[in-house]
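In what follows, a structure is listed as structure tokens, so that the remarks can point back to it.
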């Protein structure tokens, strides 16, 4: 426990909170170019082939970003919009690609939860 004199001289320091998505540099999203699009396997106990991409952001940082949804049209040199948000069973993946923005198309035939996957409202069937 510090003395009053120590507190007068030094004061108390606040703990700085560390950001979970440093590559975005305090921006909500960043644009980037895909350098590699590939699949990877999740940690135990899950099993799948998760679609991910290495993206070089405009902030000159290269990150691994998850491609959500069923099917995608991304390839090398595709321009994408990246947001924060990790994937729990993929170590090192701390970003998501935004579907329906720039070169990333929306998910085909999606009817529910469309806003997260860049899908317009379907025309009402008569």
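A Cβ is built for glycine as well, from the same backbone N, Cα and C atoms used for every other residue.
The annotation compositional bias 'Polar residues' is assigned in Swiss-Prot to 1-16.
The annotation 3-methylthioaspartic acid is assigned in Swiss-Prot to 89. According to its DSSP assignment, residue 89 (3-methylthioaspartic acid) is coil. The Cβ neighbour count for residue 89 (3-methylthioaspartic acid), using a 10 Å radius over every protein chain in view, is 15.
Shown for the region 'Disordered' (1-24): DSSP residue counts in helix, strand and coil, namely 10 helix, 0 strand, 14 coil. Among the features that Swiss-Prot reports, region 'Disordered' is placed at 1-24.
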